[in-house]
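Colleague: I have a structure here, written as structure tokens, and I will follow up with some questions on it.
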Amino acid sequence: MAPAKGVIHMSNIIHPFEAPAGDGMENDVIEAILTRHSVSPKRVAKPGPTRAQVKTLMATAAAAPDHGKLRPWRFIEFPESSRTALADVFETALRERLPNADSEALSRARDKASRAPLLLGLVLRLNRTADVPHVDDQLASGGAALQNVLLAAHAMGFGARALSGQAVRTQAFRNALKLDDDETFLCFIAIGTPTSAPRRNARPAPESLLSQWTG
Ligand SMILES: Cc1cc2nc3c(=O)[nH]c(=O)nc-3n(C[C@H](O)[C@H](O)[C@H](O)COP(=O)(O)O)c2cc1C
């Protein structure tokens, strides 16, 4: 049976000691990376990932490189039952930032809580005083966990987007999520079934990203 489109098969992962032939472009994993694009939470609907798929998404996050095995990040899920409370938090956060925000702006802020069937939050807990692993390494680990989840969601056929927004830095938001002092809410990850054709951003030319150090 032909493999379902967008589904990565383990047999297509290049294993150690198998010299990859050609330019690798025919590989499913590489194709998934190259075709991944963000999908706005406004352009996704139910169904979201099943519980088993959510578990797989977390397993992909756990596969992120992690210097010193600190796992300097964690995920929070905002289930459907929490969305009204989250809308309240967004409203309070906007009032904190803009005390004169009008009802339209407050309503737009609230709406953000109801978008996307699966809404995750990615929290960094960085040890800024450690020499090893340096905080930059820890930050890169969080970025890799984020990318793994975005990519895995795309490979499963979902649309996903990372979104921070200004609310996440407000005290109201931090308090509501009970973030520790050393924690930063990096972003939400909104995931669902795409409702419109893909909109892909142009990517930089590969050659423009690489230079050679010649001593
Ligand atoms: C941590 C993080 C937070 C982001 N927050 C926002 C945001 O609040 N608003 C926004 O429009 N894009 C945000 N982006 C960018 C989008 O998620 C997306 O990467 C960008 O639009 C490029 O689209 P692409 O992934 O298809 O290349 C964020 C990206 C990252 C990595």
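Keep in mind that glycine also has a Cβ here, set from the backbone N, Cα and C atoms.
Heads up, TrEMBL stuff is auto-annotated, nobody curated it.
Reproduced below are the annotations present in TrEMBL:
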type	residues	note
BINDING	Arg36, His37, Ser38, His67	FMN binding site
DOMAIN	34-192	domain 'Nitroreductase'
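Can you tell me where each of these features sits in this structure?
Modeller: Under 8 Å, Cβ to Cβ, and six or more positions away along its own chain, His67 (FMN binding site) finds Val132, Pro133, Asp137, Gln138, Ser141.
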Colleague: For the FMN site as recorded (Arg36, His37, Ser38, His67), determine the largest distance between any two Cα atoms, in Å, rounded to the nearest integer.
Modeller: 27
Colleague: According to DSSP, does His37 (FMN binding site) sit in a helix, a strand, or coil?
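Modeller: The residue in question, His37 (FMN binding site), is coil (DSSP, three-state).
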Colleague: So if I measure Cβ to Cβ from Arg36 (FMN binding site) and keep only same-chain residues at least 6 apart in sequence, which ones fall under 8 Å?
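Modeller: Result: Leu150, Leu151, His154.
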